[in-house]
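Novice: As annotated by TrEMBL, transmembrane segment applies to 36-59, 89-115, 127-151, 191-211, 232-252, 291-315. Taken from TrEMBL, the feature domain 'ABC transmembrane type-1' covers 93-312.
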């Protein structure tokens, strides 16, 4: 027989609440703090290797920081004002944006088409999916050497193919547009497969019921692609656009190795393909050793990447709302 026990208290006697056990308090503390502890290593590493170098670069850009001198006087925004009047800097900006547009737009479109092909029922599709990633794991130096030979003026395969259709040979290194095309082709060859696999992973997460319903309604594969696949891939497309923007505006190795010569950091005899990172390296290190001016170029590059990335995201989102 169950009995209930009631504790009587005298009027006016304060009711005392039992304190939670220490183990219970530690458990609640663990639940609240453990998520922050899990993500803390990232923020520590970001602060040491990301935020601090970024802030220190800004501090250096406000000084006349000659690497060969002992004193580094504060000059404020003098480096930035000088930079805005530097013709070579604006030439590097134009080259950077030109190569970025020519390489990134075809790259993402081709990657989207390639991912759509790999998403179909193909024989040995695993082999094809692995094959598209091979260019990305190839050494950049090896890629630059091969493409340098392909775009050679005298014995290049590209000029040989142009000669077959009656087009004169092009000096790809001496022409601004020609060097842009050659470097962009090199970049596209390396990164198209990488972006295609990212798109493919997102495509496989799309529910098949949507395609089956569209097929019942009479939608053809092309209509399904533009009405179902592309809208569902919008977050992935934004991610790839941002990543491609960051990488495309920081090109350094490809144009440097493509312009082999006595002074390849200039990007050709008349700076035909010198990017902002190359111009930053030229000023910050040999032959100028002006670290303050180079830091100012780095911050201008950071601002350019942020602006282009935001504009791309806004364009994609506006296009998504219109559809």
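Numbers here mean position along the shown chain, with the first residue as 1.
Using the three backbone atoms N, Cα and C, a Cβ is placed for every residue, glycine included.
Relative to the rest of the structure, where do these features sit?
Specialist: For the transmembrane segment (36-59), the residues of the chain that approach it from at least six positions outside its boundaries are 295, 298-299, 302, judged by C-beta separation under 8 angstroms.
Nonlocal intrachain contacts for the transmembrane segment (191-211), taken as residues 6+ away from its ends with a CB within less than 8 angstroms of a stretch CB, comprise 107-108, 110-112, 114-116, 118-119, 129, 131-136, 224, 228-229, 232-233, 235-237, 239-240, 244, 247.
Sequence-distant contacts of the transmembrane segment (232-252) (same chain, six or more residues past either end, CB-CB distance under 8 Å): 96-97, 99-100, 103-104, 107-108, 111-112, 183, 187, 191, 195, 198-199, 202-203, 206, 210, 275-278, 281, 301, 304-305, 308-309, 312-313, 316-317, 320.
Beyond the transmembrane segment (291-315), the same-chain residues lying 6 or more positions past its ends with a Cβ under 8 Å from any Cβ of the stretch are 54, 57-58, 60-67, 72, 75, 79-80, 82-83, 89, 93, 96, 100, 238, 241-242, 245-246, 249-250, 276-277, 279-281, 283-285.
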